[in-house]
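Down below is the structure, laid out as structure tokens.
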Amino acid sequence: MVKRYAVILAAGQGTRMKSKLYKVLHPVCGKPMVQHVVDQVSKLGVEKTIAVVGFGAEQVKEQLGAQCEYALQEKQLGTAHAVMQAAPHLQNLEGITIVVCGDTPLITAETMEALLEHHMTAGAKATVLTAIADDPTGYGRIVRNSDGHVEKIVEHKDANEQEREIREINTGTYCFDNRMLFQALTKVTNNNAQGEYYLTDVIEIIKADGGIVSAYQAPSFDETIGINDRIALAEAERIMRDRICRQHMKNGVTIIDPACTYISAEATIGRDTVIYPGTVIEGKTVIGEDCTIGPHSEIKNCHIGHRTSIRHSVAHDSEIGDDVTIGPFAHIRPLSKIDDEVRIGNFVEVKKSTFGKGSKASHLSYIGDAEVGADVNLGCGSITVNYDGVHKYRTKIEDGAFIGCNANLIAPVTIGQGAYVAAGSTVTDDVPGRALAIGRARQVNKENYVDRLRGKKKS
């Protein structure tokens, strides 16, 4: 078995992005573009993956961690110069090296695997991944010989009229015999207008030395798009989003309007779940089977069980069980845990709280820093008053408690098992189990008050 290696070019600053964030760290569907590339390369069975880093090296290393070894390109002097920085890691090894740009997040493991296999079958020393472009302006053109191998790569500015008609372009992804690659790199010069060392010159050197230079055509130009500005970033986002939605639909998820649905690359969704338009599913969210999500809901890093409905609502960094109903217009804030068969209704905010099985907060409530037991009913306008201006305090509501409408529970406080809190109460002390707490002023009716009031106004 021939050993495989990978070099990922991730040193560019990306000035056209006009951003403080380094280019390869810009996210596509929630994942940095270089992470997309590394994740796909990891499926190829490579012995080593070398990430060539430069601008933002520490941030790139922090993102990729132990998935890669690293080579530093201190000065950006061209693509051949970048690959040369990987020499201490690879130059004396036998095998095949694939070179991929870190700003091509749409490339797939399937296409790279096909490139590697074609390289072996063709007996090539170098193989170029090509693509057919509708508009090849600005790309290097692939000129093939009668055997179908690469005769030369002609840059757009150097191409004659006939060559400019060619729509097969160089994508910037290559496969090389590893030893020959690093031998050829020592012969590359910077005798050009930009004074840079170009990897395309390696192709010419290998060909001049008698090596076969082959080409493998990618199934879709979209896979090969390089991200150099925000316009290309948005296009890659659109393509990736469509790809993600299609994969979920193939797996049994109904997405009513994929064009109006955002699902991160790391989300998992069970079959027979329905996603309505305007829904945003971010991070490593897991959604079970037979759920209804949306319309217009935002879910981030949540774990959601089966048969749960979330409509017109926001949920972040929380656990939500089976058969739960959330919304419309509810907000589940981080570190909340909602057990099975719970209802969180309209205009209810839950913050860093737990709800036991079967409990309900159906309307206009704030439940923060609370432990709510099972089968608890929180009436309209229930508030856990958790903040005194300096510290946060917790409220505990035990199983079966009933909290009347417009009740304020001043934390720290415990409402005992099966206890009742009367509507309109402000509760400052613990309530024993099965007791009724009434914390409000007694009603006083003033007879004939309105007549006296109106009489004063007339006079």
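Cβ from N, Cα, C; glycine included.
Per Swiss-Prot, these features apply:
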REGION    1-230  region 'Pyrophosphorylase'
BINDING   9-12, K23, Q73, 78-79, G140, E155, N170, N228, R333, K351, Y366, N377  UDP-N-acetyl-alpha-D-glucosamine binding site
BINDING   D103, N228  Mg(2+) binding site
REGION    231-251  region 'Linker'
REGION    252-459  region 'N-acetyltransferase'
ACT_SITE  H363  active site, proton acceptor
BINDING   N386, Y387, A423, R440  acetyl-CoA binding site
Those binding-site residues listed as Y366, Y387, and which of them has the most Cβ atoms within 10 Å of its own Cβ: Y366
Set of same-chain residues at least 6 away whose C-beta sits under 8 angstroms from the residue listed as 'active site, proton acceptor': G345, N346, F347, V348, G379, C380, G381
Spatial neighbours of the region 'Linker' (231-251) far in sequence, C-beta under 8 Å, 6+ residues away: 17, 26, 28-29, 33, 36, 105-106, 222, 225, 258-259, 261-265, 267, 269, 271, 275
From binding-site residues D103, N228, A423, the one whose Cα lies nearest Y366 (UDP-N-acetyl-alpha-D-glucosamine binding site): A423
Cβ neighbours within the same chain of N228 (Mg(2+) binding site) - under 8 Å, at least six residues apart: G14, R16, M17, K23, D103
Max pairwise CA distance, angstrom, over record-listed acetyl-CoA binders N386, Y387, A423, R440: 22
Most Cβ neighbours inside 10 Å, all chains, among the binding-site residues G78, G140: G140
When distances run from the Cα of A11 (UDP-N-acetyl-alpha-D-glucosamine binding site) to each of the binding-site residues N386, A423, R440, the nearest one: N386
Y387 (acetyl-CoA binding site) - helix vs strand vs coil (DSSP): strand
Secondary structure tally of the region 'Linker' (231-251) (DSSP, helix then strand then coil): 20 helix, 0 strand, 1 coil
Model confidence over the region 'Pyrophosphorylase' (1-230), averaged pLDDT: 95
Rounded to the nearest Å - Cα separation of G78 (UDP-N-acetyl-alpha-D-glucosamine binding site) and N386 (acetyl-CoA binding site): 59
Among K23, R333, R440 [binding-site residues], residue with fewest other Cβ within 10 Å: R440
Surrounding CB atoms that lie within 10 Å of the CB of N386 (acetyl-CoA binding site), all protein chains: 22
Top Cα neighbour of R440 (acetyl-CoA binding site) in the set of binding-site residues L9, G140, N170, R333: R333
